[in-house]
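First up is the structure itself, then whatever we jot down about it.
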Amino acid sequence: MTIVEDAKKGIITEEMKIVAKDEGLDPEFIRRGIAAGRIVIPTSPYRQVKICGLGEGLRTKVNASIGVSSDIVDVNMEVQKAIAAEKAGADTLMELGTGGDFLGIRKKVIDSISLSVGSVPLYQAFIEAARKYGSIVHMTEDELFNATEAQAKLGTNFMAIHTGINNITLDRLKAHGRYGGLCSRGGAFMSSWMLHNEKENPLYANFDYLVEILKEHEVVLSTGNGMRAGAVHDATDRAQIQELIINSEVAEKAHQQGLQVIVEGPGHVPLDQIATNVKLMKEMSGHKPFYMLGPLVTDIAPGYDHIVTAIGASVSASYGCDFLCYVTPAEHLALPNLEDVITGVKTSRIAAHVGDMIKYPERARQWDLDMGRARRELDWEKMYSLAIDPEHARAVRNSRAPEDTDACTMCGNFCALKIVNQNYNLAK
């Protein structure tokens, strides 16, 4: 039985107990959430992973994405990035390579970390078709499903599968047009294949077969968003919403068949449309776990898109987004390096916490309360321990060490907190 089938029968599994303990919740709450399709716990019969729950009522989680490109195939660097992402506090990792030996590279990455690992199988199928036949449009349907199964057997825990691109979705995209084009690689691959071959998307047309593969290998389905906007002026357009409708329908169908499902959301969304996107997705999908790629709230800040994303992600999480994909400073510019990955993870972790302060104030705000008290008391060791990046906080202060060890060089002898502590009591 799958974990969904266990949950529907009233069985509380060991994974549910682990998530409940980690979140400070009752195991029965986790069981009910999985049974209803509102919570997922990625696992695998092929490898032991760090158990992590995603969904309503749980802390907002952060995914880090890595992977070689056709220009840069440095396997050791990708392994280092995976290890660094886990150390920096990522909850999951997606290996999205588009070059080299697909299965060999993914195996090395999977073996290097304990996190749940996700993938996009159609990348492998389409790119291997381009190598073999000279063009992505000559991929066969069997090659697509074979790539999916091969990646599942490696121990991949969740997969972004572009089920929401069908002929209706594609018609809406072409009729409406886009200011920023189509930014999803998976969407570009699949739509080009469909138009050239004049055929329906195999992942949509053969959805029951896809579910069989994923169930057999206990892979969580993440409904890919190939029609997401690549520019804020295209956000929440007809093609995006059409894909959301289809993805919500297939998500419901998959869950009924015992599969865990995540629904993916858009990547470029202006601030005033975030609440609409989150609420629309939650209602349409029956409150499935919602995974947003970013989102980026402006398009004018290449080199600083991790900051742009932090703004959007914190608002998204506050409205109910459950799962955030990080964005690095290299977004739209280059393949991220090691430092970009670390920065992306930490920035998104901050955003996730900010969102949780609104979503779950009784749980999330204690961390900030403890930091406020430590600052009042000028307890630097406590402040370091509470910082989201203790090593960085300590290093910054030590790089400009104060004469007065109670204070910092911003205020020196005229530290407001120290002056008040010496003259009257404000403790609360």
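Backbone N, Cα and C define each Cβ position, glycine as well.
Some features that Swiss-Prot has for this protein:
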BINDING   Met94, Tyr123, His162, Ser184, Arg185, Gly186, Asn225, Gly226, Met227, Arg228, Glu264, Tyr291  substrate binding site
BINDING   His268, His332  Zn(2+) binding site
BINDING   Cys408, Cys411, Cys415  [4Fe-4S] cluster binding site
Pairwise Cα distance maximum in Å, substrate-binding residues per record: Met94, Tyr123, His162, Ser184, Arg185, Gly186, Asn225, Gly226, Met227, Arg228, Glu264, Tyr291: 20
DSSP state at Met94 (substrate binding site), helix/strand/coil: strand
Site with most surrounding Cβ atoms, counting all protein chains shown within 10 Å, from the binding-site residues His162, Arg185, His268, His332: His162
Cys411 ([4Fe-4S] cluster binding site) and Arg185 (substrate binding site), Cα-Cα, nearest whole angstrom: 50
For the [4Fe-4S] cluster site built from Cys408, Cys411, Cys415, further residues of that chain with CB within 8 A of the site's CB center: Pro402, Asp404, Ala407, Thr409, Met410, Gly412, Phe414, Ala416, Leu417, Lys418
Site with most surrounding Cβ atoms, counting all protein chains shown within 10 Å, from the binding-site residues Met94, Met227, Cys411, Cys415: Met227
Of Asn225, Glu264, Cys408 (the binding-site residues), the residue whose Cβ has the fewest other Cβ atoms within 10 Å: Cys408
Between His162 (substrate binding site) and His268 (Zn(2+) binding site), the C-alpha gap once rounded to whole angstrom: 18
